[in-house]
C-alpha cells in the first residue's frame, strides 16, 4: 500500500516536472541549395509557359466582360442596368461639358472622354458598380498642366482673347504645332498627359504593384480631395462673376487667384452674376431635396439637365453673348474628330505631372471599387483595375480625350438606381453617342457661368468634410492631423505638393508611432497564465527576483536606442551608468589607498560585494536576478535591433542579471540566429543561450528553476 502511494506520488512529481519544462517545437527545415538561377528559371517557366488552359484563363481575366456577360440574368438585371445607365448618361451630359471648362478644354472633348471611358471600363473593369469618367480633381490637375504648357508655347491667355475666338497663333514660339490654334494645342497637351498617365498605370499593373493603393489612406485621399475642391471652387468664381483673368501658375495659386478676383471685381459682368445666382438658387435646394428623398425616389431628378436646357434657351433668345458680353460654350461639332497621335516631344515636360495624376486616378478608382465590392459581396482585382483605368486613358488619348477615373457622385447614383453590371456603362455610352451625333450643337449659347455653377454645387460633398473635423479629431488625432496637413497643403500651396506632403506625413506618422512606444512592465493574472501591463489592469501579480517586460513595436535602426532607454527606465537600472559608477568607485578607492586614507566599515562592506544590485520592485526591496522580454509584439528586427538586444544582454549580464527572450516570432528567431545572438559568449552557457521560450510562463519557470544568488551569474 505504501509502495503504491509512493508510486502514485512519483508519477505526480514526474507530471509536474514535465509541466515545468519549456515547450519544445521542432522547426521545419527550409529547402536549401536553391540558387538564384534555379529560382529565376522556375519563375520564368511558371509565368512564361503557355498552355490552352492558361491562355484561356489569361484572356478571361484580362476581359472580365467575357466572364459576366454569358452569365447575365436578363430578367433580373436588365431593368436596373437600363435605368441606371440612362440616369447616369443624363447626368454625364452637363457634367462632361462643365468639367471640360475646369480642364481648360472645349466642351466636345469632355463628351468624348466620358463616352470612351464608359465603353472601355465596361470591357476591362472588375467592379460592377463604379462609374468611370470625368473627375473634378483630375480635371483641375490637367487644367494646370495645360495652362502651363500653353504659356510656354507662346499662346495668349484666355483672358486676352476677343470674344470666343480661340484661333490665336503662336506668339513667336516654335514649341507649338504649326497650324494649331489654342484649343487644338490645349487638347494635344491634355491627350499627351493622359497617354503618359495611362502608360504609368499599365506599367504598374504589369509590375503587380496594385498594392501601392494601401499606402494612400482614406484620411490622406479625403484631405487631398477636399483641398483640391477649395482650389476648384476658387477657380470657378471668375466664371460666376464673368471675369476674364488668367489662371495663375506655380505655388500658392489660391492666394494669387483671390488677389486677381478682388483686383478685377469692378469688371464683373452683371448678366453672368445674375445668371449664376439664379442657377445656384435653383440647384442647391433641389440637390438637397434629391439627397434627402433618395430613399423614396426610384431615380434622382436630373435638375442639372433642366437648368442647362432652360439657361441655354434663355441665353439664345436673350442674346446674352452679343448684347451683354456673356461668355458661352461656343460651337460644338457633331460626330468624331479623326484620331491624333500624342505629342511625343511634350512627354518629358509632363512626365512628372502625369505620374501624380496616374497615382491619384488609380487610388480613387481602386478605393471606390473595393468599397462597393465589399458592400455587395464580391471581389475586385487591384492589378486588373490598374489595367482597366490605364487603357481608359491610353486608348481615348488618341481620340482627343483627357484623364478619367471613378467618380463618387455618379457611382452612388448608379448604385442607387439598380445597377447590377457594367452593362449600365454601355447604356450611358449610347446616350452620350446620341448627344455627340445630334444634340451637341444645340448647346452653343450655354453660358460658362452656368457650367461653373454646376461644378460649384457638385463640390458640396467634399466641402462638407470640414464639419466632420471634430468627429475625426475625437476618433483618431493622427488621422485628423494627416487630413488637415494634406488639405491645407493641397489648397494653399500646390495640389500635387499636397499629395506628396500627405504621403510623407503619413509615413512619418507611422515611424513616429514606433518612436513613441514605451516598454511595459507585465504582471501575471491570478487565475490564468496570462501577462498584461501592470499600469493598465488591476489584480496582477509579479514574480520575485524576475521582471517581465514587453515592447510593442519592431526594433530597428530608428528606435533601437529608444528601446534601450525605455527598458533601462522601466527596469530602474541603467547598466551603462551603473558600470561607470562602479569604475569611478574603484578608482576612488585605489586613490584613497595610495594616499593612505583609512577605509570606513561601510566602504569595506561595499568593496566586499561589488556585484550586488539592489532595486526597488513594487514596494519591497528585492534582488533582481532575471529579466524576461516578451517579444510577441516585435514584428521584425534589423541588424541594429539584434545588436541592441546583444548589448542589453551583455550589459545586464556583467551586473549579474540574465536576460531572456520569450514568444519571438519565427522571422524574429531567424534574424536573431543570423545576427549571432545565440552564439556562445565567453564564459556563457551555449545551451542556455539557445533556449527558445514559446510562452512567458515557460521563460519564468525556467529562470526561477535556474536562479542563483545575485552576482554569481556568469554572462
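Each residue, glycine too, has its Cβ placed from N, Cα and C.
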Exercise. Among 276-296, 297-317, 318-338, where does TrEMBL put the label transmembrane segment?
Worked result: 297-317
Exercise. Can you name the far-off residues of the same chain, 6+ from the ends of the transmembrane segment (185-207), with a Cβ under 8 Å from a Cβ of it?
Worked result: 103-106, 109, 142, 145-146, 149-150, 153, 155, 176-177, 340, 342-343, 346-347, 350-351, 353-355, 357-358, 361-362, 383-384, 386-387, 389-398, 400-403
For this session: Count, for each of 219-241, 297-317, 346-366, 429-459, 480-508, the Cβ pairs lying under 8 Å from the transmembrane segment (77-102), and report the range with the highest count.
Result: 429-459
Seminar exercise, completed: Between the transmembrane segment (480-508) and the stretches 129-146, 297-317, 387-409, the largest tally of CB pairs under 8 Å belongs to 129-146
Exercise. How about the transmembrane segment (429-459) and the transmembrane segment (346-366): do they have 3 or more C-beta pairs under 8 A, pairs 6 or more apart in sequence?
Worked result: no
Seminar exercise, completed: Model confidence over the domain 'STAS' (536-703), as mean pLDDT, sits at 76
